[in-house]
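Step one of this worksheet: look at the structure below.
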Amino acid sequence: MQHEVSTLRGKVESRARKAIRNRRSSHYFMLFIALFGACMIIGDGVITPSISVLSASSGLQRSLSNIKYTSSTDAEQTISDDLRKYVPVPSACIITVGLFILQYYGTHKIGFMFAPIVTIWLLFISGVGMYNVFHWDPKIFSAISPVYMYRFVRKINKASWKSLNSILLCVAGSETMFTDLGHFSKRSIKLTFVCVIYPALVLCYAGQAAFISKHWNGTENFNHLSESVPKHLRHVFILLSLLASAVGSQATITATFSIINQCLTLGCFPRVKVIHTSDKRRGQVYIPDVNWLLMALSLSVTIGFHDETRIANAAGMTIVFGMIVTTCMMSLVIALYWEKSLFVSGCFLMFFGFVEAVYVSACMLSFHKGAWYLFVISAVSFTIMLAWHYGTMKKYEFDLQNRVSTEWLTDYSPGLGVSRVRGIGLIYTDIVTGIPAFFSHFITNLPAFHQVLIFVSFKPQPVPCVPPGERYLVGRVGNKDYRIYRCIVRYGYCDQVRDTDNFEEQIIGSIGEFISLEESDCESLASPEGRMMIVGKPLVDSNALIPIHDTTSVAGSTNIANNETLASPSGDFIERKTAVRRKKVRFLIPDSGARMRLSVREELQELIDARESGTAYFLGQSHLTVRDDSNFLKKFLIMAFVFLDRNCREPPVALNIPHAALVEVGMVYII
């Protein structure tokens, strides 16, 4: 009987997987849901710092409004309204700018600095909550009963329905807590939430409810949190709330960095600079471009709305839509990853989806009161990510479809009159098999290439650093006589490959090591083009080539112009260009090379001679265009991708390429 049940379950699972795999519409739906959820997190990173800091600054305004002058003329007057209205927004802007400036130091240092603030804040609101519960209404904990929720739903009207939007702010921050999984471990988040955060929030809200039950006056500007604090602790509360608002905003900012970093990995976000601030946890990242953009948008929300209620409406919309996306994706995880039945997955989706749909309907009633701003940010973010993903996928598909085989380069090109010239050609490509389309386009129009060709590809690894002895994966392309190699450079997220000045020397050294060890190596890896070998010994320890640093002026050496400003006797400033000479590295075959096989020694000598003749770097520059019969959506997405590609950061080639040796090959991609 159990075997029949497992067989039936396997059939259901296979049908679900098969339906998702074969139906392209399901792929589009999952892509839409994932990008929409990412847009909600980005919107949360804009709105939450604004609402958190502005609400805390408003508490400072209320504190100042209760201060009375001690002079005779103003003894009976409070601070004027003109002074009070200029306090919250400027102070909120100052705190917001300071918060975003701190992001440069990374999650670990910021968390170490903010940890005492969070601890004191949680102890403070817990203590105030317990005081209010025992002082005003010890029976308030009975309100946790679901009976009151049933009574609320049974007697609901439009006013109480709209209040559901404000209830969402009680759980604000829970979505970013799980988005920050890349910054902290699962166990730490679970223990912190269950043992510290949740009890503190229950005590805090219970104390506020107990205070409201005895002091509700129905005024519009009544703030139950600040009013529930004993008067002799109000100033302490204002200070702690300002600091805690910065801490609360920090969670959403780091969550935004995490989600954008994941979108970058999936090819769904334009190229930006990602700085890994920790060599222990991969998810702790800092993205400078996104940080300053979030700061500008958050300041625009604070200055533009300068109203807590309108910003809160947008924040509530962000939270509930983030929950809906989480529910939809979680139902897929239950069915496909946990391998539960579709009935269990459907029940999960229906139950939580119904509850969240109720809150969505309440939030939509406040759409015209600030929530529309979230949709503007989300629409722009969604368009950018969708256009970049579509353009990247089409470009990669074009490269795969139009690449040529290695036989075309090695066997057919000599018959087409292709000649070999002295030197080394380094061809950067994203594909690890075959010949990239831009290089075949180059040879077709200019039938010549170097006597030694090296196809270089960069592949990131999910580790902080790749040891130098495991960094280079080298193999041949075609027959040994063609002198064509492929080198895959593997690097970790903390490796500074881009700043390596001796990258060319390392590539030549790894090729030389591969040549010397090729025939005796038994641990080479299989690839579609033949065997590939992991190499990467330090050049000083290599038995194949010995590097010699030559600081004299030699042919092929590279000079870098450097501007120097001098003061003339007349007081004017004159800019003079000076030349900073880079060290030229020569290679020699060691004395032990006499014991090498003649073919190996000849190949190494040919590599050295080609290096002395000069090196050229080939990079492909793609220009995407659409067919005339394409629809409007396709034309718009490609146009947006081209605009983003031209205005974002350059591709991470990770090469310090001299401009005199750079050859960019342009090619039109017709999509």
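From the backbone N, Cα and C atoms, a Cβ is placed for every residue, glycine too.
TrEMBL annotations: computationally assigned, not manually curated.
The domain 'K+ potassium transporter integral membrane' annotation in TrEMBL covers 21-410.
With a threshold of 8 Å between CB atoms, the same-chain residues lying at least 6 positions outside the transmembrane segment (28-47) that come near it are 20, 175-176, 179, 252-253, 255-256, 259-260, 262-263, 268, 294, 297-298, 301, 311, 314-315, 318-319, 321-322, 325-326, 328-329, 332, 373-374, 377-378, 381-382, 385-386, 389. Per TrEMBL, the feature transmembrane segment maps to 28-47 (among others).
Sequence annotations record features per position, and here TrEMBL assigns transmembrane segment to 112-134 (among others).
Annotation source TrEMBL lists transmembrane segment at 191-216 (among others).
The transmembrane segment annotation in TrEMBL covers 236-264 (among others).
The transmembrane segment feature in TrEMBL is assigned to 311-335 (among others).
What TrEMBL records for 342-360 (among others) is transmembrane segment.
The feature transmembrane segment is assigned by TrEMBL to 372-391 (among others).
Annotated domain 'K+ potassium transporter C-terminal' per TrEMBL: 423-671, in sequence order.
Ranked by Cβ pairs under 8 Å to the transmembrane segment (311-335), the stretches 112-134, 191-216, 236-264, 342-360 are led by 342-360. Beyond the transmembrane segment (191-216), the same-chain residues lying 6 or more positions past its ends with a Cβ under 8 Å from any Cβ of the stretch are 122, 125-126, 128-133, 135-138, 140-141, 143, 170, 177, 222, 224-225, 227-228. For the transmembrane segment (112-134), the residues of the chain that approach it from at least six positions outside its boundaries are 140-141, 196-197, 199-200, 203-208, 210-211, 228-230, 233, 236-237, 240-241, 243-244, 246-247, 250, judged by C-beta separation under 8 angstroms. Residues belonging to the domain 'K+ potassium transporter C-terminal' (423-671) score a mean pLDDT of 74 in the model.
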